């Protein structure tokens, strides 16, 4: 019995020991994981706190896109923080030291009315761009696998360690290739002081007095198209004064454009990074400036197409879509070389029918086109699905694929058939007899539907050329979605209904899809009146051509 009792006790102890080891083997990884997670969260909170309080524009990355070295400890780093304004790169451990030790780009110099008309270079050591050349010996910089050589954050000039002499540290910065686009910090400091003293003789301030100075403002919509706006914000901040670069998801265009009042009249150029909707948003803000009496500060507008359709951008020579194939430096050169033109803007007034309708008419501003019919139905279905699941619509290719799906569906269903029996059309007060149609499109610009020259069609018939600055609208009809597809591949012509200064369309019965510049809605019986509103000052770039039709170049 004693031996049996001792055997039971040893077995019980073995069972307890097994249970204890099992518990430890389960709990230990859980505790280690929890501890690591706590430390990571604590580290992230500290990093975010530094980012929030810092004058640098810090961002964190898990993998640098090129060989990088910490600007404090000089060690090779794969991940860490970088400043999108001055280009500093640093590991996590040295982030706090770097934030205290190195100054970022100053958007405005600390000073008073006596602010100088020049400033010295602002040198940053290491991580110079590949294939950059030393401004002293003209040899390539950044070739050694270590933290070496210097770069000025304003003019982007680079210098070898051994070529850096004391005179370069105090030498005046010329702001490099883009000196005519950059707003110098000392200029803003001087203008700020003069405004406090209520003086307006800005003509004496450098570089206001310089003949070819054309400061540029960059307004980027970080949510457009492929969500590339975030990348461009950093690249433009590196080349320009950060005060010239605005994120439209954080600041409205109307507020950003007030910087124009600090700059020379009729000299400012605005680069809008986004789709046609973003461009329309900025042009509306410019119209508000006219209402406020700031017409002499109106800027000229260039476009970097990041949206899905980009028909306005295509018409003005900036291309049908941008995917990073052109360096940011070349984009700024294109903006400098672009020619000024005018763009007609139109007022679209939609008045609902009915005896008891007391609501005000809906008023839109049109830059591109107005339509009723199958293309508006495709846009309406697309927008309805994008609002439900916006994360699925971050790619331009996916967006066009969804449009194709709804276009194919409409070919089979034909929801907009017999449109000619439901509407009446008047061009400059003259009633137009309509053939059998499913859609009517009113055009202000040359391109429609993501790159199709709708008014020209196949280009085999004589017709008055379409322009975007002649005060005339082109009105066409389509037989359906399949007809639209045929026109896009130049296998058919549209039904050209005419050109007019004023267009009036009466929807007599039923509900029909309508759109203005890609913004769709379902509309009941109403009267649509389109009249000229104003002109917008745009920039035309002659370097891009997306159609080999001779008529397309003549129409501009």
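Using N, Cα and C of the backbone, Cβ positions are placed for all residues, glycine too.
As recorded in TrEMBL:
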type     : residues : note
DOMAIN   : 55-104   : domain 'Phorbol-ester/DAG-type'
DOMAIN   : 120-173  : domain 'Phorbol-ester/DAG-type'
DOMAIN   : 211-352  : domain 'DAGKc'
TRANSMEM : 18-38    : transmembrane segment
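Per-class residue totals from DSSP over the domain 'Phorbol-ester/DAG-type' (120-173), listed helix then strand then coil: 5 helix, 13 strand, 36 coil. Helix, strand and coil counts under DSSP for the domain 'DAGKc' (211-352) come to 58 helix, 34 strand, 50 coil. In this model, the domain 'Phorbol-ester/DAG-type' (120-173) carries an average pLDDT of 90.
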